[in-house]
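Each remark here refers to the structure printed beneath this line.
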Amino acid sequence: MDRLRDGPLALLLFLGHVITALEVPLDLPQPPTITHQSPKDFIIDPRENIVIHCEAKGKPHPSFSWTRNGTHLDIDKDPKVLMKPRSGTLVLDISGGQRAEEYEGVYQCSAHNELGTAVSNSIILRQSRSPLWSKERISPIIAQKGQSLILRCRPPAGLPPPIIFWMDNNFQRLPQSRRVSQALNGDLFFSNILPEDSRSDYICYARFPHTQTIQQKQPISVRVLDTVMSLMFPFSPTPAISWVKHNSEIPSGRASFLNFSKTLRITDVSEADAGEYRCIANNHHGSVHHTIRVTVNAAPYWISAPRNLVLAPGEMGIITCRAAGRPKPSIRWLMNGLPIENAPRDPSRSVEGDTLIFSEVQTGSSAVYQCNASNEYGYLLSNAFVNVLAEPPRVLTLPNTVYQVIMNKPALLECVTFGSPAPTITWFKDSMLEGNAYVFHENGTLEIHMSHPSNSGKYTCVARNSLSLSENHVYLQVKEPTRILRPPEYRVVQRNRDVVFECKAKHDPSLVPTMTWLKDDGELPDDERFRVDSDSLTITDVTESDAGRYTCIMNTTLDQDSASAQLTVVEALPTPAVIYEQPGAPTDLELTDLVARSVQLTWTPGEEHNSRIKKFLIQYEDALHQSGVWHNLTEVPGTKTTAHLKLSPYVHYSFRVLALNNVGFSRPSMPSRQYRTSPAAPDENPTEVKGHGTEHNNLVITWKPLTPQQANGPGLEYKVMWRQQGIETYWTSVSVANVSKFVVSGTPTFVPYEVMVQALNDYGPGPKPGAVIGYSGEDFPSAAPGDVRVLVLNSTLAEVRWSPVPLESVRGRLQGYKVQLSSHHIFSPNKTSGKLPDLLPYSIYSLRVTAFNGRGEGPTSATQRFETPEGVPSAPSFFKVSTFDLDSLMLEWGPPYERNGRLTGYTFKYQTGEETCPFTLGTLTALPANKRDAHSNDDLGFPQAYATSQNLSPSRLFKAEESTHVSCSSSSSSSAMVSPQVDIATQGWFIGLMSAIALLILILLIICFIKRNKGGKYPVKEKEDAHGDPEIQPMKEDDITFGEYR
């Protein structure tokens, strides 16, 4: 039965269509374009300042004006109204107590420059309102169990309408169900009320979103009576709700059932959704239905919005303005904000309903046109300008843009252009592109349906019009898709043990992968026991809560792949005795993702033998260049069983893997199958490139050659290039092989050259090398330093000065000046003087100066002679006491080794106690006048000297010193110590010895006397007669005094 009155329901349909407007570069003249504006229905918060947006662009930059309620708004008259600089945005300051409703009204912004005027929508400014609930006295409600009940909310009318919800005194939302639910108007509906619904705090709340305020209705008290009488109510038990549409189906994709199926919601409404909808309620007592008639009306929406039009002088074009709605909207045209019928007449323009037609336009025809489409439910307003200009084409897409796409996916290469007349676009890749494999879009975009590696490369788009052409280069890179090769596997693990989920994936080597793990489609627990590596998930000390479904997701910037596995946790079993050994050798080496410069290597780990594998060592053998020799390539953590290996061209690779734990390395795995990388052009050029000369007319270019692995292919050669810097424009080159130097002959002397060495092989040249600067060979300097002068400072030091050689005479890099004396003295190239130390006094020197470079010395300067003055002589070569007696000494000394001038005499000093007594031992014979060499010791004429000192006191200690004299200068001295330095006559042993000798002599004399008296001769006596005793020989007369040397 139909208990509810049928009624019509009107739904307003607001549809929109996005139009891509023509973008004119801002450096070109153009009429204004509105870029940002406030919404048509602008509801404001009365507690804040009012900001009405209006932004526009154009060249010249537009100026702005406003109207309010159709009348010009004079901003200067109201100090509370401000306009932002270079903008049309209005700021209405109501912080001083002004009422917001004073500024309510309809506002419209205009942006103008010399080419036209653009206008904004009509913006209806209204203040948000959140009125209080009207006061009312609500009587308690008494209801019978099982009957239906509606608690009325009747919220105050706010702007915008409030959001309704029901809560109790404790601000807890009241639970809702199929039996108890809230209607669209906010009323709380009970299909059948129960005793547990009795309560005194049913409160309806209204939240006003703009002011963020909440108003509450007076609490409603409900008491449910549970009588003994058996009553039957049609809504007990709670009926089930269903919906049907008369003569049609409810759209499944756009329909949803809300509020326990009591509300039917349809999105993206169209005219086809009009009709009769029936809501049916069923329980075991029967059914009841309600019919709703839906009429679809629509505010205007765009079918084809007006678009900016750029025309060259003499061209034609159209602007269309097509809108739909229900009822059908009317179209009205404006020009620069004024009705077009009131605009100045333009013979190149005509209006035909929703279309403006332009023909043979001229430069002055630029303007902004507005299309207004309206019906009783709303309006649309759109600006479109006509800009008449002549402009050669330009490509607006950034040059050298790189586009990346996954293989077998479509690729879109942009070529955004501008020009007037509109340019035509042509695409090239080695040659002009055409055919069904490509789609050429109207906006210049090139689409490739299915991308393949062969599509990678450089693309050129060329834009042409009648004025000129422009081109731009972009690059397409086709990447390999991301695929999980070894997904995680179902694992059963004992509690408190570790588990590892592997997720081996391949991806394009140039993309950076990111591995993400999920547990039960959520994030992993925030627990340090979960460790995520690049291709595995490790869970340590597993607990029962770790059981679940684990998903690995391999992401790149372009695509992703995922796989899942289940983890089951069981109780731990008794642990046997642990034996630690080296890990077993890895097995099952497999090569995947074989490309020119990389390969993916996967393997299966051997047994860990109770010691966790710490890392894997990957080695390779090059059977082409070094067969049988294994080289370390890389290491990976022990949790990984795959590695992405970067390779070099022209190598015959075999790989093997070793595992390492705390015990040591495993045996190597069996080698993988051989992978031969293809030859390629060299990736690098020789290093340590230098240029220098070994002769005055050559340039030797040297470099460090490439290794066989760096050669990248057979036929390695070096292209040697050179040119004289700043003189020659073109390079001279020669190709050589199996050498690391090349000699260029016939070069000018010491000039700079730019030098490059490029590697090449049978597959092409290496990268363009950088130039280094080298110099051709040097020649000997051609000029000698001039104006050489010598200044003698003292007997051992002189200073030499000279004028520098001319720069052009150096013929190389000047390294310094060399002063040739008895030894060479070298001075830096920026010096023009220098000191000459350690000269010999009283000597004659000859001096010459030369300039030298890397080749050698140039000519010498004129010889300069100078003489050093006399200096202090050195000490006598020796000085000693040769003999001594009780009252005399014999002194000996030798002449000094270095006289340093004419030797004039010696000074002798002796000291007794505290006194020093000098005296002179005569005067030396003068050196010959022509003898000037102080180093010739033979010229003195006497090898050594003697002196005797007599009448010395026997009881005094003597110390003697001797010095030599040269002219009047100070002297050097030497000393000789008289040894022993005590009075020997006072020593006891000496007195005893003399007494014994005297006694012996006395005895001998007595014996001799007796013998003589007997007439015989004593042999000793005869010997004594023949040879007198030297100890008692008297001193000669001339030995008594110290005289001159003879």
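Cβ coordinates come from backbone N, Cα and C, glycine included.
Taken from TrEMBL, the feature domain 'Ig-like' applies to 32-120, 175-295, 300-387, 393-477, 481-568. Residues or ranges marked as domain 'Fibronectin type-III' in TrEMBL: 585-680, 682-779, 784-871. Annotation comment: TrEMBL describes 669-692, 1019-1046 as region 'Disordered'. Look at TrEMBL and you will find 1-21 tagged as signal peptide. Summarising the annotation, TrEMBL assigns transmembrane segment to 989-1010.
In terms of DSSP helix, strand and coil, the domain 'Fibronectin type-III' (784-871) has 3 helix, 43 strand, 42 coil. Over the domain 'Ig-like' (393-477), the average per-residue pLDDT in this prediction is 93. Outside the region 'Disordered' (669-692) by six or more residues, the chain places 585-587, 589-591, 594, 596-597, 599, 601, 603, 621, 623-624, 647-658, 699-706, 710-714, 716, 718, 722, 740, 753, 755-767, 769, 772-775, 777 with a CB less than 8 A from a CB of the stretch. A contact between the domain 'Ig-like' (32-120) and the domain 'Ig-like' (300-387) is present, since 3 or more of their C-beta pairs, 6 or more residues apart, lie under 8 Å. Counting residue by residue with DSSP, the domain 'Ig-like' (481-568) contains 3 helix, 47 strand, 38 coil.
Counting Cβ pairs under 8 Å that are 6 or more residues apart, the domain 'Ig-like' (393-477) and the domain 'Ig-like' (300-387) reach 3 or more and are in contact.
Break the domain 'Ig-like' (32-120) down by DSSP state and the numbers are 7 helix, 46 strand, 36 coil. The helix, strand and coil residue counts that DSSP assigns across the domain 'Fibronectin type-III' (585-680) are 0 helix, 50 strand, 46 coil.
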